[in-house]
């Protein structure tokens, strides 16, 4: 029978000092035999996805206490990728994932907490907490802050839906008037919550459902809706049950590594491909799998991508649907239901509620359930009122979207495409693979060949695009922006958005060893591995080289002879200490970022730290 971890600090005469300090936090004699549960919050006023979380930790804590536990709350940092985008701040985004994971480990292990409730939401916070949860392997439940409502505005006598990406594109489009750009900017992000499309934050929150670590509805129920409060209340109660099951009944099925098994990771990736999730999810799932000591690699993702169709299409791949529409169609469980009926899921998995996949679908799939309360929950919709308050409205759609032929979520027979929304490509400068969000690629450019325009920083590429130096047919290559080379693996949302602003969204390709925002669409290929700074062949591409992209056949090829590439590699190696570094880039890199770069691996490994360099 496992012993409560917290007993280390609450039992025994030699722990008198620790108990004295616990008493100073409000604990009493009666508390010293109870499980101590960490409420891992991420409230900050910097990030709209987290601005409403201040009081939600208290909400969870009250339920933990009522159920017989002791709740202790702390916060992690949270970087807003949208605000950090387009300048040096983006260098810090991906490294913050590791800081978040480490900070959770530090706090939980330093104080010997028995379990956790993770209140996450945005891009690196959910992955960081997920990595920590699987590293620590103590009972955990995720409950996120929820998606933002889609923006809406009237243009040309028509009400259109908007999000952050629209504001960026129109702001850089010289054909758009100042007044229209201002109107879109003011309408794009109307409420608290994670940005309203299937961007990285919402993709990851959906994946925690598929992994079994959060409750049904977590990935899609709006931040502003009153129904979301119940997820927080339930999480506080349920975590105490899971904790007692493990420590008092020796039930290891309550542990995250036994819930988020390899089968669950395969289901999560299947969901991701089917819903056209952010390419960043590949990075984060690979990293989380390593923390769980699960053998889950790019090869597994490649195999899944070849058999899973696209059953859901959401912004940025279409402006017709946002997360509020996914929820109306049944949310994550609705997509999983269609995948299950197509025979594409592992059914022998359980979630934090203790339900198997078939049981979850029977109770929560809107196409199967007979529970009116569940149907009512999935009718939760937007209010269209600007607010930063959680649970501030109770609007509902008149009906569910259960049209699996023409609705937001489709059945296998009516799939958006036979190929899924993500694909892994391999070639002579991406030997370990690269990722493309096929959900956002127009059919006309699934095969594309063009001359390279090479840039050794995102900044130079943006200047060239806005300066008219990139023309239709070009393949923009941005290198030395990987985890080590950036350092920090910046997102390339500005270059891809500006290609659209310049009318080149369907006329150019962009390839990088960096990564893309979940808001990116178009022929945008990222995570090229190995990265240039690690001696990857992307560092050998020269202006004018022809690059052939073949998504249907999963290929990407630099049309240069092996002999020429060998000569270029020899010349690069001859640069000595300057080899595999940018030739003409001035960038201030802090000590913290240099420390991150010294251990960073390429994207095909999840951009995690190289344990071999630490003797691990």
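Each residue, glycine too, has its Cβ placed from N, Cα and C.
Taken from Swiss-Prot, the feature active site, proton acceptor applies to 517, supported by sequence analysis. Positions annotated as Mg(2+) binding site by Swiss-Prot, on the basis of sequence analysis: 81, 123, 124, 491. Per Swiss-Prot, [2Fe-2S] cluster binding site is recorded for 122, 195. Residues or ranges marked as N6-carboxylysine in Swiss-Prot (evidence: sequence analysis): 124.
Long-range neighbours of residue 81 (Mg(2+) binding site) (same chain, six or more residues apart, CB within less than 8 Å of its CB): 90, 93, 122, 123, 124, 200, 491, 517. Other Cβ atoms within 10 Å of the Cβ of residue 123 (Mg(2+) binding site), summed over all protein chains shown, number 33. Using a 10 Å Cβ-Cβ cutoff, residue 124 (Mg(2+) binding site) registers 30 neighbours.
In the structure as shown, the Cβ atom of residue 517 (active site, proton acceptor) sits within 10 Å of 30 other Cβ atoms. In sequence order, 48, 49, 82, 147, 148, 163, 164, 189, 201, 202, 518, 519 are the residues near residue 195 ([2Fe-2S] cluster binding site), counting only same-chain partners six or more apart with C-beta under 8 A. Within 10 Å of the Cβ of residue 491 (Mg(2+) binding site) there are 32 other Cβ atoms, across all protein chains.
Each residue in 79, 84, 93, 94, 122, 200, 201, 280, 517 lies on the same chain as 81, 123, 124, 491 and has a C-beta within 8 Å of the C-beta centroid of that Mg(2+) site, without being one of the site residues.
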